[in-house]
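Novice: Next up is a structure, given as structure tokens.
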Amino acid sequence: GSFVPKAQKANQKSQYGLQPVASYKVAILGAAGGIGQPLALLIKMSPLVSALNLYDIANVKGVAADLSHCNTPSQVQDFTGASELGNCLKGVNVVVIPAGVPRKPGMTRDDLFNINANIVKTLVEAVADNCPDAFIHIISNPVNSTVPIAAEVLKQKGVYDPKKLFGVTTLDVVRANTFVAQKKNLKLIDVDVPVVGGHAGITILPLLSKTKPSVNFTNEEVEQLTVRIQNAGTEVVEAKAGAGSATLSMAYAAARFVESSLRALDGDGDVYECSFVQSDLTDLPFFASRIKLGRKGIEALIPSDLSGLSEYEEKALEALKPELKASIEKGIAFVQKQPVTA
């Protein structure tokens, strides 16, 4: 909600010859898709963005033309097809990757794997070659595997910085906050539920015992809410009856994470989000938890969320580890089998 007034103020300034506050360049790879379009609109509204580069393999010219008419400061440019990908990424500060195919009814996240794994691999290779210092936000599912894929590609290219690679799990937090606020009749603005683990099914673990403001849940409520948060994606897939998966709520969540990243790059010292990142909080190489963001990416992982868990959460945490481990290993193996293109 804070996007619009700020953006209008920035715009007024620029009309009177003062510098707008905007100074960051964001690229969206997969900008013509179901998530890409609403995400591009929300990022266009951010006062921190000076240039918005939209890339896709088709239909992106129209999206860019449409968006360029919005009277916010950022300049929109479109890039179509592999030959223009490099130019799209030159000098970019934040790259967001929602490219890929969405989940259809009856499709498992595994069915998505082969298609989206290849797409992410190709796009991250281009990021490595053209803007290796950028923050990379991975949305393409299955995130539990696509983030390790991105890490392996960046390692093979010799430019891996674990502080700048993020799996966007913000949607799990957004859903947890919404469902808890509804269930407990709380003001949404106050509610914050950390969500840890991964970004699929049982690997999604909302830490309801750590909800702020402090709330008491019955065992039954904990179970109901946890299962609803874990299956919320399927709720949308079924409601859309074959017409797609969560695109609007995903775009909203991704825009929130981009805005947090931009605030951190801009020197705000108080930016915390949950994200699926390289981590030593558990025995898994990647894990979603709350992180502190700064100018150079991840400034700190926040281990306190994982101490003093409820018995239900302890058990759920142990139960999710084998599945998450398998997804991570699947991503790593995918890249090691296929050498990265020079």
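Note that Cβ sites are derived from N, Cα and C of the backbone, with glycine treated the same way.
TrEMBL labels come from automatic prediction, so no person has curated them.
Sharing the features that TrEMBL gives for it:
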type     : residues                                                                                       : note
DOMAIN   : 25-167                                                                                         : domain 'Lactate/malate dehydrogenase N-terminal'
BINDING  : GLY30, ALA31, ALA32, GLY33, GLY34, ILE35, GLY36, ASP56, ASN116, ILE139, SER140, ASN141, MET250 : NAD(+) binding site
BINDING  : ARG103, ARG109, ASN141, ARG175                                                                 : substrate binding site
DOMAIN   : 169-335                                                                                        : domain 'Lactate/malate dehydrogenase C-terminal'
ACT_SITE : HIS199                                                                                         : active site, proton acceptor
Novice: Taking the residue listed as 'active site, proton acceptor' as the reference, which of GLY30, ALA32, GLY34, ASN116, ASN141, ARG175 (the binding-site residues) have a CA within 10 A of its CA?
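Specialist: Neighbours among binding-site residues, in sequence order: ASN141.
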Novice: Round to a whole number and give the Cα-to-Cα distance in Å for the pair ASN141 (substrate binding site) and ASN116 (NAD(+) binding site).
Specialist: 7
Novice: List every residue in the same chain as ASN116 (NAD(+) binding site), at least 6 positions away in sequence, whose Cβ is under 8 Å from its Cβ.
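Specialist: Listed in sequence order: ALA99, GLY100, VAL101, SER140, ASN141, PRO142, THR146.
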Novice: For MET250 (NAD(+) binding site), which residues in the same chain are close in space, meaning a Cβ under 8 Å from its Cβ, but six or more apart along the sequence?
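Specialist: Same-chain residues close to MET250 (NAD(+) binding site) (Cβ under 8 Å, separated by 6 or more) are ILE35, LEU39, PRO98, ILE139, LEU171.
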Novice: Near the Cβ of GLY30 (NAD(+) binding site), how many other Cβ atoms are there if near means within 10 Å?
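Specialist: Cβ-Cβ neighbours of GLY30 (NAD(+) binding site) within 10 Å number 25.
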Novice: Could you give me three numbers for the domain 'Lactate/malate dehydrogenase N-terminal' (25-167), the DSSP helix, strand and coil residue counts?
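Specialist: Its residues divide into 64 helix, 30 strand, 49 coil.
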Novice: In whole Å, note down how far the CA of ARG175 (substrate binding site) lies from the CA of GLY30 (NAD(+) binding site).
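Specialist: Cα-Cα distance, GLY30 (NAD(+) binding site) to ARG175 (substrate binding site): 23 Å.
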Novice: What is the number of other Cβ atoms found within 10 Å of the Cβ of HIS199 (active site, proton acceptor)?
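Specialist: Taking every protein chain into account, the count is 29.
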Novice: In Å, rounded, how far does the Cα of ALA32 (NAD(+) binding site) sit from the Cα of ARG175 (substrate binding site)?
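Specialist: Roughly 25 Å, rounded to the nearest whole number.
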Novice: Among GLY30, ALA31, ALA32, GLY33, GLY34, ILE35, GLY36, ASP56, ASN116, ILE139, SER140, ASN141, MET250, which the record lists as binding NAD(+), how far apart in Å are the two most distant Cα atoms?
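Specialist: Pairwise Cα check on GLY30, ALA31, ALA32, GLY33, GLY34, ILE35, GLY36, ASP56, ASN116, ILE139, SER140, ASN141, MET250 gives a maximum of 18 Å.
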